[in-house]
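First the structure, in the form of structure tokens, and then the observations on it.
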Amino acid sequence: MAAPMLRWCCPGRRFAFARVGCGSCHRRGPPTGSTSNGKRGQSSVAQQPHITAQKPRKGEPEWAAVVGLEIHAQIASNSKLFSGSQVCFAAPPNSLVSFFDASLPGTLPVLNRRCVEAAVMTGLALDCHINRKSLFDRKHYFYADLPAGYQITQQRLPIAVNGSLAYSVYVGRKPSQMVTRTVRVKQIQLEQDSGKSLHDDLRSQTLIDLNRAEGQLRVDANISVHRPGEPLGIRTEVKNLNSARFLAKAIDYEIQRQINELENGGEILNETRSFDFKLGCTVPMRDKEGKQDYRFMPEPNLPPLLLYDSGSLPSGADPQQVINIDQLRERLPELPRVTRQRLVQQYGMLPEHSCVLLNEVGLLEFFQNVIKETRAEPKKVTSWVLNTFLGFLKQQNLAVSESPVTPSALAELLDLLDRKAISAPAAKQVFEELWSNEGKTPAQIVAEKKLELLQDPEALEQLCRSTLEAHPDVVMDLKRGNPRAINKLIGLVRKATLGRADPTAIKEVLERQLSS
Amino acid sequence: MLGRTLREVSVALKQGQITPTELCQRCLSLIKKTKFLNAYITVSEEVALKQAEESEKRYKKGHSLGDLDGIPIAVKDNFSTSGIETTCASNMLKGYVPPYNATVVQKLLDQGALLMGKTNLDEFAMGSGSTDGIFGPVKNPWSYSKQYREKRKQNSHSENEDSNWLITGGSSGGSAAAVSAFTCFAALGSDTGGSTRNPAAHCGVVGLKPSYGLVSRHGLIPLVNSMDVPGILTRCVDDAATVLGVLAGHDPKDSTTIQDPVKPFTLPSLTDVSKLCIGIPKEYLTPELSSEVQSLWSKAANLFESEGAKVTEVSLPHTSYSIVCYHVLCTSEVASNMARFDGLEYGHRCDSDVSTEAMYAATRREGFNDVVRGRILSGNFFLLKENYENYFVKAQKVRRLIANDFVNVFNSGVDVLLTPTTLSEAVPYTEFIKEDNRTRSAQDDIFTQAVNMAGLPAVSVPVALSSQGLPIGLQFIGRAFCDQQLLIVAKWFEKQVQFPVIQLQELMDDCSSVFENEKLASVSLK
């Protein structure tokens, strides 16, 4: 039924430290590293002391927070995990519901091969052990959007276990202050999604949509705090977080709330909470007050899921009936970690630059297309893509795909710069023109705006000489030992050339004329 | 014509001695005459006549679909039938009309079979008497047989005869009665702990429980998914083989069916049993076993031995744990399977709309009988986190031991096991209801249930009449997926014992028009 879901469980690890009794929710520092996969970045060691209201009491260690995430990610498949009905975003309610999805009596689940492959590939990408045999279980609870009264999941023996994901995060204000962290993945399980309840408060009705799978990512965060060396604290679960930003906010809030509660002599209840994104706080969920016993039992209608590798593949097996892990491994795309390493090695890029390239959707592809078409140095390209290009995108809140500047145009511009046809400041000007006047090539803009560098050395000599003559006071200033005076002179010459001369070349000529 | 076997009537259809429509009408007429048996919950007269018409066209063109074309059949009312109400004899599903056919139903229809109706059962197949459904108990046709009535007169029990009718056994009692009373030529039952074999034994028909995984469960409203198998009730072993040949095989909609292709088959007639090894499990000789059944069982063993077969006592040491183990596993799956009946999408919904929870509670209280509710409660208890290891996991381990018992016996060279099917012959309803459903189920499934735990094929074959003139059946148990071998042995045995045909004299007097040219005495079981 149900749209196929992958569930990752990251076991609790102390990955968040917070100071005792911050008066307000402690802020995080610069943006964290990769969040696109829903993994939390590291949290901050209270970066801004000025918001600390209370100091830790003497001899009391700081609080440590332990956070475990349960990540529900929808598998990109054409049909549902256990039925042949389609998966399609924003389809009319209940238009994609098979008899099985509606839990009609007598219907049986049939496992979708594509979903198993996706789960195995996710497991491989996250460095998991792939279980050659995994099992399905029923998890029972009554809810209007769960028509069978149970959900089929993999509780006891999931498809993949014991993985890890290394990622880089910023620990200070500077981009170079990056460290690599590892989050452990406890298990990956295939799970049927429940339906969707739509509450009509006006008519006090609940409407059910069994198409399922609207949100593509949903995270439940389990959070507790304790003092290092002491047993783990009682945890709360904040459910249904659907963006990385809210996840971070909810965790920060919940850690702080728990610390405050304990500091003030209160206690933490093992409860389910939800995050109110408008108020920025977590609140207890009313509908699941009592502790649930899900009464897990094996799903009797699905035989154990067996996976093979090239060594264990039964001879004469129907390829449609078996899944070969080794074949899936070959189909894995290059993993982000490997791509980052390759960028550093191939282009001499700083590690933090490789991170930025991968974190922005489409940016790496854009970069690689520019590299392909230009003779400019990779370092130059990196700098232009990450500073100028990305800066413009961010300023206007655009995605890479929405950029008015194509990789070819940027490549052409960098070529002009590379063969010194234009100066660096002129190149910036051309870029601005490219951004606002789609359709023109860099060469056209250079011609129209007369931005090409002064190629006649005699003319430059002449301009420098007349500038020196016109500004004796600056020359005097320079001779008295003010090193910055030379920059002023360079600026004046540039102005006279209408920005068409290379500052380095100007400096050379000026210095020669002054010393002669 | 109605007294013939499926194979015989199939030949008659092919030879044009009777048309599908005539056959269908005769069966419909007899169904009406025997309405008091309460074998059918729904009679699908219009559907059957329409199907008969189609079948007749095919016969006229000489394009018959095979042995089942034009043959009236009945289906237990826990199989989903498209456009025909499917109730499981429960208030919960009263009025529920499924939009799809169970795979087994579809396969029968694809072969041209005529669906006469949906047969009665215990609510959600939970029972061993076919007495605990909302449509009332099924009456055993043998209650009205000449054989039984004469014996009763001899024994001078002059009580009110009508109040002494016998139960059919269950839970597929409606299907067994339907076949026994000649209202159809084959019927589908379901078998989770003996629900096909038990009523077959009590009604004097053949009841086959195929290997688990050989026949699709898609569309069978489950009792215990890991033990349920569609069962086949017919008048003779050959007919059961014919139907099995149509039903067996992989179903993409049921992941627990075997992948290997299965072809329809006919059973060869065994002439020599000297290479056979028949096992007699000693644990099945229980104190509760009636002396008559016990004596027939040993006679049967002697018969095999005298014909040259090797007959050997074997041990299935974990048999005695079967009942309690079954109770845990069955109720646990029941608790889970019944969770979907919440009144939201289909079936019964109470009037209360105070809250969703109140609606669930009232709907389920009104929709299920005490037996179903009791099993749901027990099952949920066993599945609680604190109890799971002590009950469910232990029961699963015991189940494995029970299954291994069979593996060991078959590995020791035994081909087929011979056991009783039931403790005794059918008892009067008034007698039966003195014990509650749970006690009855526990007693009555004693010889049949372990087979479901192990997923093995088993068949109950009618052997002889008791001193009371009631049928007694014996059970053969085969190796997993050796259903054909099992049926070959059963066919040989059936031929030796020549079980007498039910003489429904008084019924016939009422239905003389139905039987037209036929004399009952000419009806033979062969």
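Placement of Cβ uses the backbone N, Cα and C atoms for every residue, glycine included.
Every protein chain considered, the tally of other Cβ atoms within 10 Å of the Cβ of B:Lys76 (active site, charge relay system) stands at 32. As annotated by TrEMBL, active site, charge relay system applies to B:Lys76 (among others).
Per TrEMBL, active site, charge relay system is recorded for B:Ser171 (among others). The secondary structure of B:Ser171 (active site, charge relay system), as reduced to three states from DSSP, is coil rather than helix or strand. Listed in sequence order, B:Leu121, B:Asp122, B:Ala125, B:Met126, B:Gly127, B:Ser128, B:Ser130, B:Gly189, B:Ser190, B:Ser195, B:Pro199 are the same-chain residues at least 6 apart in sequence whose CB falls under 8 Å from the CB of B:Ser171 (active site, charge relay system).
Mapped onto three states, the DSSP output places B:Ser195 (active site, acyl-ester intermediate) in coil. Marked as active site, acyl-ester intermediate by TrEMBL: B:Ser195.
Per TrEMBL, domain 'Amidase' is recorded for B:27-145 (among others). Across the residues of the domain 'Amidase' (B:27-145), the predicted structure has a mean pLDDT of 97.
The domain 'Amidase' feature in TrEMBL is assigned to B:166-487 (among others).
Look at TrEMBL and you will find B:147-166 tagged as region 'Disordered'.
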Quiz prompt | B:Ser195 (active site, acyl-ester intermediate): tally of other CB atoms within 10 A of its CB | solution = 38
